[in-house]
């Protein structure tokens, strides 16, 4: 979020001084490296500050939506505090709602940078952490001007702390990533929150999103009054996306692990890599397999404590880690259901006689929906493929293909940001290869070819192309027996033990992050998340690649290798041995000389 936007989004005709911002805010903006606003900012900020309009904005990821609402919120709060004649401190003036804890941390981090020079006038409460009731009441009693959290967290404090939270002076309500908020099942929470807020009175509302679905219309009617709707034609902006090169590889289930081993061990990808898997077990299995070959990686999933997750993202952005395996099991559930229904409708049109098959498909869809939602409620505030600001990612590897075409867009959107180039590689399991290797099988891979066709169709509409990528199988085959050795050592029991061990370590680390490292921030750098778990039998010989397996251009030049004797010569040792023999043959020795 704080990264500099791509040139395709910058509006060179305007500068931030033209918005007549507070000098302290202006200094913080320049200190963050921003010289010109983006297109969304140059349109939204004047409408919000001068005309006091509600804003509904649709703009692509990385276009600067966060600053488009934070700058007006901060500026108006500063103006409001200056205009107050009485000395009473106002209550909460702004509420910002985001879909996940990760985004809560990110928005708070950007907010704290912007209020760096006016922190005495504006206090921020971050609801990402699980705070005890007493601590939360203490923080709320200080009347923070801005509260940031997920809808469920905001609703919780409104219901339980009605007397503590002063919302009589509330001026702003922001819902960031609206489409994702609705998809994550927060509609009921939003309806209840609306009962507590002075909507359509003095409340200015911002609804920000990368896409505008029909569901947003209900929020528009409930939360907004004569809003200004800002949309951008993505045709010009999508020219920047040509810097994203996309490939797909048709591979068997076991060959996914083989290709990952070859790619990372031979260093075929330069720079930081983000690998997406579809469930937690897959992430740990891949990590343990790579550990067999001495390849370090760290895990990011919804089981880890929120503090640890944020620390992992921060360290990845600071180049501490170069390989991050992220679990993206919270795919867009609603989109998944819609696509399943589309499949059923197509099948019914093509073959009207197969009504039984269609009914079975409907039943299975319902089963998937209910099963997924049950798991999904547990992970409601976790999201990694959407909105999280991974910086300078050179490559995204879809180790497991996502279950929807939209989820694919969000994943590959983590690279090729801010005008930089990037690569996306997706592994696709052909239907004929599905189920041939049971230990590495993933049920969702059965639909990989269908999902791929949707992805190709969607990308072609955007003027983008996904190219097939073919490995030199002769060179890859040489590594197969080593991968079979390494994969065999990573059993289901080893994966389970790895999950337990990692969770225990991260829980301890989370407490350290929470308490100890607040007092010792320097020691925070020493806390790492890519340590080897070692619950599986590690074979050290697999960490080294024999010369004959390497491509010719990667082998050592034989002409530069000098002669290396089998035994290390020890001239001193030989002399001492000979001298002993001579002494034995020579007979008597002079006692004085010996002394």
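Going from the start of the chain as shown, residues are counted 1 onward.
Backbone N, Cα and C define each Cβ position, glycine as well.
Keep in mind that this is a model prediction, so the values were computed, not measured.
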Candidate ranges 303-325, 326-348, 349-371 [criterion: Swiss-Prot lists as region 'Disordered']: 349-371
Integer mean pLDDT for the domain 'Helicase C-terminal' (243-477): 79
Cβ neighbours of residue 59 (ATP binding site) where a neighbour is any other Cβ within 10 Å: 24
Greatest C-beta neighbour count within 10 angstroms, which of the binding-site residues 61, 66: 66
Other C-beta atoms that fall within 10 angstroms of the C-beta of residue 65 (ATP binding site): 26
